[in-house]
Amino acid sequence: MGWALALHGGAGDIPRSLPAELKEARLATLRRCLDVGTAALRAGRPAIDVVELVVRELEDCPHFNAGRGSVLTADGTVEMEACVMEGATLRCGAVAGLSTVVNAVSLARLVMDRTPHIFLAFHGAEAFARDQGVETKDPTHFITEHNIERLRQAKEANRVQIDYTQPLQAQAPTDDNSQLGTVGCVAIDAAGNLATATSTGGLVNKMAGRLGDTPMVGAGTYANALCAVSATGKGETIIRHTVARDVAALMEHRGLTLRDAAARVVGGAPRGDVGLVAVSAAGEVCMVHNTTGMFRACATEGGHAE
């Protein structure tokens, strides 16, 4: 027992040949966010606050596909998504289609805390953000030169690309912002409360208006009294397989451990499509993927950290 948390920066076709200096930029962010989360848990902050805090930090980092680093739609725009959920109460909030909100995860938290609803999207979500006085920026703030180039490559190949898809041109630049990933965090606090949060910019070259798994409760994000899960990868696959909820369901109805449930769910999805991080009510931590790789980190009150 005791507190525990895990976080991810996206799963996908991460090359084993990725230069150390490019990989280290992301690992350094994961380490910093892990420190932020563990410090908050040690200070007695509730799990829902911790996952929001950690994901905000990840959204502010341009190395990952969320917030400032969000990838572009086929129209060259940004459409961000996020979701938060508490395990004990099943309270949850989700947002999608955001183009100006600096921290989508915090707007999702406000949907959970201050509305009778669960999911707000596009103009309604943006209007709610203005009403709540959350920080916003002009849409151009989220459009980086790196993601403009990534969209150009995807359009040239006529492809919709998931996190960490490699550039197709042999001579394409390998700068550290050319590959990006969805972000998420799960935690259990010292009082035994579970929570999860996930945030993303979606797929490169996706159709404008496309919604992914991240804001869909039970698909990319889910928590109940048994576990908290944040998924990453190909959204369409995660939605079809109700990945996050299936982990909880196997624990609830089949009596599986978190590790066994997560392994079965991820193993049953098409290879190369899915990764997740999860924590259980017993403080067990699981980080599993069927992709080439997944940027991830975890820590427990018992002293384990990676």
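Glycine too: its Cβ is placed from the backbone N, Cα and C atoms.
Look at TrEMBL and you will find THR182 tagged as active site, nucleophile. The substrate binding site annotation in TrEMBL covers ARG210, LEU211, GLY212, ASP213, THR232, GLY233, LYS234, GLY235.
In this view, the densest Cβ surroundings among the binding-site residues ARG210, LYS234 belong to LYS234, judged by other Cβ atoms lying within 10 Å. Counting Cβ atoms from all protein chains shown, GLY212 (substrate binding site) has 25 others lying within 10 Å of its own Cβ.
Within 10 Å of the C-beta atom of LEU211 (substrate binding site) sit 19 other C-beta atoms, taking all shown protein chains into account.
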